[in-house]
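According to Swiss-Prot, the protein carries these features:
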- D53, A54, E55, Y56, D57, S102, L103, E136, R159, E196, K312, K336: NAD(+) binding site (BINDING)
- K138: active site, N6-AMP-lysine intermediate (ACT_SITE)
- C429, C432, C453, C459: Zn(2+) binding site (BINDING)
- 633-710: domain 'BRCT' (DOMAIN)
Amino acid sequence: MSAKRKSFDEALAQKDVDHLTLEEAPEELERLAAEIEKHDKLYYQKDAPRISDAEYDTLRRRNEAIEARYPELVREDSPSHRVGAQPADGFGKVVHKVPMLSLSNAFDDEDVRDFALRIRRFLNLKEEDILPITAEPKIDGLSAALRYEKGKFVMGATRGDGREGENVTENLKTIGDIPAELKGKNIPDVVEVRGEVYMSHEDFAALNERQREAGKPVFANPRNAAAGSLRQLDAKITASRPLRFFAYTWGEMSDLPADTQSGVMDAFRKWGFTVNPLFGRCDTVEALIDFYHDIEERRATLGYDIDGVVYKVDRLDWQNRLGFVSRSPRWALAHKFPAEQAMTVLEKIEIQVGRTGALTPVARLTPVTVGGVVVSNATLHNADEIERLGVRPGDTVVVQRAGDVIPQIVRVVEDRPRGKKKFVFPDTCPECGSHAVREVNPKTGKLDAVARCTGGLVCPAQAVERLRHFVSRNAFDIEGLGEKQIAAFFEDGLIKKPDDIFTLAARDAKSLKKLKDREGWGATSARKLFDAIDARREVELDRFIFGLGIRHVGETNARLLARSYGTLDHFEEQMRAAADREDEAYAELLSIDGVGEVLAESIVDFFAEKHNREVLDGLREAGVKGVPLPKQETSSPVAGKTVVFTGSLEKMTRSEAKARAEQLGAKVAGSVSAKTDILVAGADAGSKLAKARELGIEILDEDQWIELAG
């Protein structure tokens, strides 16, 4: 067992608090104080926690329980008197005039009922008196305080140890959700807004992808990414990171704009801050509990990490009467979600082969409940990750879930029995026996982390996944031909390659075993499938190209290629000409705005493979066509311009907005850059809006876009 785990496990292994003697308790409190201080520094200063929130809460609860049993033993340096950790070196120090305290925790519904009951008793409320309490998701990010004087942002700081934080003003100025100047009238002379700096799941994934492409380390989770980004000594690095901010409370305020918590949040919105749209107010404790469970169910769909729900008494005069206890306010409570980590046994490691030939190791686990969900599989990503974790079949491991993210192994519990052998990553594909290779990334010159099968469509696993992709919604979109049907038809030999789909009806007519006679099928369902297939013999060229499953070619790139080359025949002809990389055709491909070297190499390699060309020939013989896209308008005000959409649109779907923009001759991009001409910002726009402002790009709201688009 490693030293870092040993100290934690020893602290938890002590006897029950009820059985601790007066002689034993001081030693246990000393050990817990040291352990909690160590993990505070790892979390708040180094952004590198080694234990889960649940494990940390267990340490604190044990410390508090011992202090409650023996109040005369409470130490001056007790963790119950402390919030966070002292600021690290590297930034100037900022003293919080109003301490940034943490919240007391609730771990079940009964704790919430007790919280409401304690408040009622303290305030001497009658049974019929309404106790309004606000509720909002507890964001898993980094706390920050923003000071405004005469409406202008003058200083920002991290929480630090609650009394003294780090001056990160310049870094906070780069976050789009943080206004440089407050909007509206009657703004107090001094305003200190507090909230959470965080990173969305989408932005986190994109950041890690950029890190990988640049050969840099990836971040473990969005919180670490947000914390590491905010605490950069170079504000330019922070500016390049997609950070966001939710406002949820205040510190020093020369004059309050309302007499309720919810009223102050309304003022924050008017001043230009983003308040969580799920913020609400409840008049009964059961409504609070319903709110919590509703958020818990929606957690995976929010797009950012949360670890619970925060409750606050709404009336500020009642907050003042309730006051504080130790390190937390008596009028607020954090209702934490169940632990999202658990220990289990890794029974074996299996290799799955994806559509692009990627060999992905999957951990098969002894089933365990993690955050209310039974988990039996977890991703191990690639060979490098297996090596980094040092994981072997038979190990006891810690498994983590985060929202809708695939469960993953975060560490090995190092009490491995002797004789456990290392897992050897295969150098051949387990499905077809072809060589599995790690390609050289042309940008970094380093080997890719992912090994890929070289078998292409010869590989059964790739073939099935590519067929599923071919019929998917954004490709050929064949109704009635879903994942299960593709897998079954492939196994029975009915569909092995894309053109087999379009000859299925003709072959079925000659077959002794008709589709209608197969289990789960009938005459009507078979006829509907054949009709659906016939209806998709002609699709837009971008759908056709996307359906081919060329590595790195997504919907946007497929549309770019369709616009640039016009017809499938011309596209294929030019890609084959580009094979030697010296032909003008290769230079022309690279000249397309949005096509880089990696994408160009992938496209040319696809057409260089004989079996891929045979697929295209087969589709032509089956009468399948890629229809050229309609000509774009050239006289519209957005023709030739690059447009980016962000936030939630209310009067049209994102797909409708993109389609209209392209119809008007605009190029729709997925990210903001110096080449962007227009950003259309819907509700809850985030980092893209901030970057557009920074670059001086024209910004339109939804109504302005509709007026422009006509």
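Every residue gets a Cβ built from N, Cα and C, even glycine.
Swiss-Prot feature annotations superimposed on the structure.
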residue	record	DSSP class
E55	NAD(+) binding site	helix
L103	NAD(+) binding site	coil
K138	active site, N6-AMP-lysine intermediate	strand
R159	NAD(+) binding site	coil
K312	NAD(+) binding site	strand
C429	Zn(2+) binding site	coil
C453	Zn(2+) binding site	strand
C459	Zn(2+) binding site	coil
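This prediction places the mean pLDDT of the domain 'BRCT' (633-710) at 83. Per-site Cβ counts within 10 Å over the recorded positions K138, R159 peak at R159. The two recorded residues, the residue listed as 'active site, N6-AMP-lysine intermediate' and E55 (NAD(+) binding site), have Cα atoms 18 Å apart. Helix, strand and coil counts from DSSP across the domain 'BRCT' (633-710) read 27 helix, 17 strand, 34 coil. Here C429 (Zn(2+) binding site) is positioned 40 angstrom away from E55 (NAD(+) binding site), judged by their C-alpha atoms. Note: the Cα of C429 (Zn(2+) binding site) and the Cα of R159 (NAD(+) binding site) are spaced 50 Å from each other.
In this structure, the C-alpha atom of C459 (Zn(2+) binding site) lies 54 angstrom from that of R159 (NAD(+) binding site). Of all the binding-site residues listed here (D57, L103, R159, K312), D57 has the Cα closest to the Cα of C432 (Zn(2+) binding site). Here the binding-site residues are E55, D57, and the one ringed by the most other CB atoms within 10 angstroms is E55. Rounded to a whole number, the distance between the Cα atoms of C453 (Zn(2+) binding site) and L103 (NAD(+) binding site) is 51 Å.
Listed in chain order, the residues near the Zn(2+) site other than C429, C432, C453, C459 are V353, G357, T428, P430, E431, G433, S434, A436, T454, G455, V458, P460, A461, Q462, each with its Cβ within 8 Å of the site Cβ centroid. D57 (NAD(+) binding site) sits 45 Å from C453 (Zn(2+) binding site), counting Cα to Cα. Taking the Cβ of C432 (Zn(2+) binding site) as centre and 10 Å as the limit, one finds 18 other Cβ atoms among all the protein chains shown. The binding-site residues in question are L103, C453, and the one with the fewest Cβ neighbours inside 10 Å is L103. In this structure, C459 is the one among the binding-site residues C429, C459 with the smallest number of other Cβ atoms inside 10 Å of its Cβ.
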